[in-house]
């Protein structure tokens, strides 16, 4: 019996080594020296074990989402939070326009991707600029719904130029402050004219390359998922700020993400709600566009639990632009 146990243990170790080698090949991983590679391998092995144990629970029907290896599975949870989120810890208390209660019937499901209002998933890289990507994604949708043109807009423009409005480039910011800058600036440049660098740089805004403008912005009632649903249905993609602080979030692979340990009011990551629907197994969900590249989640998206007590603060800090 002991011999069989040792054999199985050895096979598991060989399988894990194979996963590590496949990971390095798939994502082109190179490390500075053997010590760094050894450390990254240790981090990867811990994460692989965490993923496998979680997915066993998924197979048993105990949770509604599964996890997977992705391009930052060699980063610790703390490193992911430090480099892939980017919310500053403060909150603007007032809306520019009055908040209004939902008055129109709610559609059963909405997906603005199917209407052509959403650009391909982008990647913020090792820069805490999620706030810029979130603000831009909602504006790209609003601009499309008004003009019929889907234009990829410049996150780098916001990273470099909106510090006077409280944003801190790669060190964090808020989407509503991005809109304040665009309003005062009378526009934001296109992505093609002002490409993303994932660093803080000098402002190079050019009024000749404006891709969209903003006249004002609206914040749906804080913590009210019905108000957020109304906004997504009637206004288009909405910038939302969430609690992405749980270890499971970084390795999300698919399904409806319900995390009981999430906070309903604290947020550390900005993303974009581009629709909603209902899953037969996972229940109601939000369709959320992330900015961590297409390798993450469901081709860069996550289905986040909807109508489950504002799980992960999905409706606490939402805002959409008016163009």
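Yeah, the Cβs are placed from backbone N, Cα and C, and that goes for glycine too.
Summarising the annotation, Swiss-Prot assigns signal peptide to 1-16.
According to Swiss-Prot, the disulfide bond annotation covers 127-170 (among others). For residue 170 (disulfide bond), the number of other Cβ atoms no farther than 10 Å from its own Cβ, over all displayed protein chains, is 20.
Reduced to three states, the DSSP call for residue 130 (active site) is helix. According to Swiss-Prot, the active site annotation covers 130 (among others), on the basis of similarity to another entry.
Swiss-Prot lists 161-203 (among others) with the feature disulfide bond. If you draw a 10 Å sphere around the CB of residue 203 (disulfide bond), it holds 14 other CB atoms from the protein chains shown.
If you take the C-beta of residue 312 (disulfide bond) and look for same-chain residues 6 or more apart in sequence within under 8 angstroms, you find 242, 243, 244, 257, 259, 262, 263, 264, 304, 305. What Swiss-Prot lists as disulfide bond is 262-312 (among others), and the listing cites similarity to another entry.
Cβ neighbours within 10 Å of residue 269 (active site), excluding its own Cβ and spanning all shown chains: 25. Under DSSP, residue 269 (active site) is assigned to a strand (E or B) in the three-state scheme. If you look up Swiss-Prot, you'll see 269 (among others) marked as active site, on the strength of similarity to another entry.
The active site feature in Swiss-Prot is assigned to 290 (among others). Within the same chain, residues at least 6 positions away in sequence whose Cβ sits under 8 Å from that of residue 290 (active site) are 121, 271, 296, 297, 300, 301, 302.
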**Fill in**
Neighbouring CB atoms within 10 angstroms of the CB of residue 262 (disulfide bond), all protein chains considered, total 24
**Message:** Here's one to test understanding: among the recorded positions 161, 203, 269, whose C-alpha is closest in space to the C-alpha of residue 127 (disulfide bond)?
**Reply:** 269
**Complete:** residue 130 (active site) sits from residue 170 (disulfide bond) (Cα to Cα, rounded, in Å) at a distance of 9
**Prompt:** Which one is it: of the recorded positions 130, 161, 203, whose Cα lies the shortest distance from the Cα of residue 269 (active site)?
**Reply:** 130
**Request:** Among the recorded positions 127, 130, 161, point out the residue whose Cβ has the most other Cβ atoms within 10 Å, with all shown protein chains included in the count.
**Result:** 130
